[in-house]
Amino acid sequence: MSDGTAAMGRRNRIRVHVRCRRCGRNSFNWSKRYCAACGFGRSKRLRSYNWVKKKKDSN
């Protein structure tokens, strides 16, 4: 079997994300070994971006 588009159909059986040890959310990518929510495994700092945070009202 090739490893192209046809092989992507087999990916629905495995769990891609498991529970993260640091934040507890179910967003730790088991194959890439990093958390999509907090950045655990990729950096020591907690993942946070300004575009995620709600802007304060200027009035």
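Using the three backbone atoms N, Cα and C, a Cβ is placed for every residue, glycine included.
Here's what TrEMBL has on this protein:
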BINDING   C20, C23, C35, C38  Zn(2+) binding site
ZN_FING   20-38  zinc finger
Checklist entry - Do you know the mean pLDDT across the zinc finger (20-38)? => result 95
Item to check | Distal contacts, the zinc finger (20-38) - CB-CB under 8 A, six or more residues away | outcome: 46-47
Checklist outcome for this item: With the fewest other Cβ atoms within 10 Å, the residue among the binding-site residues C20, C23, C35 is C23
Checklist entry - Including all protein chains displayed, how many Cβ atoms other than that of C38 (Zn(2+) binding site) lie within 10 Å of its Cβ? => result 21
Checklist entry - What are the DSSP helix/strand/coil residue counts across the zinc finger (20-38)? => result 0 helix, 4 strand, 15 coil
Next on the checklist: Quick check: with C20, C23, C35, C38 left out, which same-chain residues have Cβ atoms within 8 Å of the centroid of the Zn(2+) site Cβ atoms?
Outcome noted: R21, R22, G24, R25, S27, F28, A36, A37, G39, F40, R47
